[in-house]
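Record features, source TrEMBL:
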- 92-135: domain 'TM2' (DOMAIN)
- 1-17: signal peptide (SIGNAL)
- 87-105: transmembrane segment (TRANSMEM)
- 117-139: transmembrane segment (TRANSMEM)
Amino acid sequence: MLKSLFLVFLLITLVYGVAYDCTTLLMGQYLCPEPGRNQIDPKTQQFYGCERNGLAKVWCIAADGIECIGTNNNTFTKEMPCKWTNGYHLDTVLLLSVFTGMFGLDRFYLGYYGMGLLKACTLGGFFIGQLVDIILIALQIVRPADGSHYIIPYYGAGVNIIRSNNETYRVPRDDWNRA
């Protein structure tokens, strides 16, 4: 009796499948973003719906044989990191910095009005400040004053700065303590 009940349960499971909470899937059990959907905004070159906190809901696809609760298929939504932009193009800022940096127009464009006025009064910090600004903007260290990121192509040369503090732990390597 117990064997037949187990076989019926197994048959129902195989025919109808089991639905999973797809938000708890492990890496490798899903693909984000789903390649079949166009989820990149052509104006900002980031995911549609990218918010100021740096997250956007994107559609993902689970591996074959996994059915998600809620959608009853293998697709689900997941929050992915993105770079919130507010309309500042990196190429525009670089051109402003190279050609009009001595007048501070690049800093005015980014929203740093005090620094722009200082650069305008000192001719770009006697041209040394202009050169430093070109480097800082090219390395994307100086960003717009509102905290947004630059608009660059989605697969373009974006820079991710990795910072460390007192809570950062470095894994020791064997070759560090050679005598």
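The first residue you see is number 1, and the count goes up from there.
Note that Cβ sites are derived from N, Cα and C of the backbone, with glycine treated the same way.
TrEMBL annotations: computationally assigned, not manually curated.
Counting residues 6+ beyond its ends, the transmembrane segment (87-105) has Cβ neighbours under 8 Å at 115-120, 123-124, 127, 129-130, 133-134, 137-138, 140, 144, 148, 150-152 in the same chain. For the domain 'TM2' (92-135), the DSSP counts in helix, strand and coil order read 39 helix, 0 strand, 5 coil. For the domain 'TM2' (92-135), the model gives a mean pLDDT of 95.
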